[in-house]
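J.: Take this structure, written in C-alpha cells, and hold onto it; I'll ask about it next.
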Amino acid sequence: MAAMKKLLISALVAALAVFFGHAFLKVKKLLLVNRELPMKPLNCHYLKNIEFGAEDITILRDGRAFLSTGLKYPGMPSFSDEPGKMYVLDLLHPKPAPVELKVKGELDLHAFNPHGISVYTDEADDSVYVFVVNHPNSKSQVEIFRFVEDETLVHLKTITHPLLHSVNDIVAVGPEHFYATNDHYFHSETPHFLTVILGLPLCDVVYYSPEEVRVAADGIQSGNGINISPDKRFIYVSDILDHDVDVFERQDGEHLLFIKSVAVGSLCDNIEVDHVTGDLWLGCHPNPLKLINFDPKDPPGSEVCVLLLFKMHNCVGMCNGLKNISCRSSGSRTFTPTSR
C-alpha cells in the first residue's frame, strides 16, 4: 500500500513538472523573450488633442481616418478614467489634427468603451457607416453609427448576441453586416490562462447579419485585428498569440475558407489594408511583458510590419520581412510621420 502511494505521488510530481515545464516554455515563446528588435528612429511627431493613444485606426479612401480612444481592457494599462471617445483625422492635411466626433442618439456615453472599429461606405448613396466594438461595464457589443457632416456620429443600432461574447475587432461588409473576432473563449482568468498555456485554438470569427449570426471560422488561439482585401475576396485575421496573420477566402453563404497563415514574428494587434496595393499594415507589440507591466519611464515601444501582397496566375500570396518599422513611444499617445 505504501509503495503504491509512493508511486502515485511520484507520478503526480512528474506530471506537474511536465506541465509547469511546458507552461514555462509556452510563456517564454509567447512573450518573445529571446527576440531582439533593432531600434529605428522615425521622423514622427505627436498628434495634439489625443493624450491617451488610440486603440484602433481605420482609413477611408479619401484620406480621412477614424480613431477609437480610451479603451479600458482587463490586464492592459489604462491611461485615463474618462469615457472613451471617437476622433476623425484628415491624413492629407499638411498638419493633420484629430477632431473629436460628436455623438447623437440613444447611447450611454458615460460607459462608452470603444475597441476595434470599421467603416463601410454604401455605394448606393455614399453614406458612411462606422462600426465600433464597445465594452460598456465589461460587456461586449457592437454599435453602428452613420457619419454625417460637422464631425458627428448618429447612433443607429446596438447589436448583442451570445456568439459575440468577447469581440476584439470588426470588419464591416454591409450597412448592418460584419465579421467580428473573439479574443477569449473563457471569461474567468484560470480557464483562460490554461487555454493560453496549452495553446488551445478555441477562438473564432463570427459573421453577423440581420438575418443570421453564426461562426464563420474557428481554430484560432486569440482573434485580434480583422480586415478585408480591396476586392472583398479575402478576410485577414491576426492571431495575436500565434504570432501570425491568417488568410481566409470568402465563400458562398459568407463561410470563410482557410487559405494560409503568414508568420509575423510579433504580437500583431490591428490590421489596415492599403486601398490601392492591398498590402497589409500591422500594428504590433514587440515586447508583451513590458506592455502588461507598463512603465512610462521604460515604455514597451511599438512595431509596424508590412505584409506585401503579390499576385501570380490568379493566385494571391504574401511575403513578410521586406518592410519592418519599429519605434519607441510612450504607449499613451498617437503619432504620425512628419512630412519632409
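Yeah, the Cβs are placed from backbone N, Cα and C, and that goes for glycine too.
Sharing the features that TrEMBL gives for it:
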type: ACT_SITE; residues: His115; note: active site, proton acceptor
type: BINDING; residues: Glu55, Asp56, Asn168, Asn224, Asp269, Asn270; note: Ca(2+) 1 binding site
type: BINDING; residues: Ile117, Asp169; note: Ca(2+) 2 binding site
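Map these features onto the structure and tell me what's around them.
T.: Under the three-state DSSP scheme, His115 (active site, proton acceptor) falls in the strand class. The Cβ of His115 (active site, proton acceptor) has 22 neighbouring Cβ atoms from other residues within 10 Å, across all protein chains displayed.
Within 10 Å of the C-beta of Asp269 (Ca(2+) 1 binding site) there are 21 other C-beta atoms, taking all protein chains into account.
Long-range C-beta contacts of Ile117 (Ca(2+) 2 binding site), restricted to its own chain and to partners at least six residues apart, with a cutoff below 8 Å, comprise Asp56, Ile57, Thr58, Phe66, Leu67, Ser68, Met86, Val130, Phe131, Val132, Val133, Ile170.
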J.: Measuring CB to CB from Asp169 (Ca(2+) 2 binding site), give everything in the same chain under 8 Å that is also at least six residues away in sequence.
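T.: Spatial neighbours, sequence-distant, of Asp169 (Ca(2+) 2 binding site): Asp56, His115, Gly116, Ser118, Val133, Ala180, Thr181, Gly223, Asn224, Gly225, Ile226, Asn270.
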J.: List the residues of the same chain that sit at least 6 positions away from Asn168 (Ca(2+) 1 binding site) in sequence and have their Cβ under 8 Å from its Cβ, in sequence order, or write 'none'.
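T.: Sequence-distant Cβ neighbours: His115, Gly116, Val133, Ala180, Thr181, Asn182, Asp183, Gly223, Asn224, Gly225.
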J.: Would you count the other CB atoms within 10 A of the CB of Asn224 (Ca(2+) 1 binding site), including those on all shown protein chains?
T.: 25
J.: Just counting, how many other CB atoms are there within 10 A of the CB of Glu55 (Ca(2+) 1 binding site)?
T.: 24
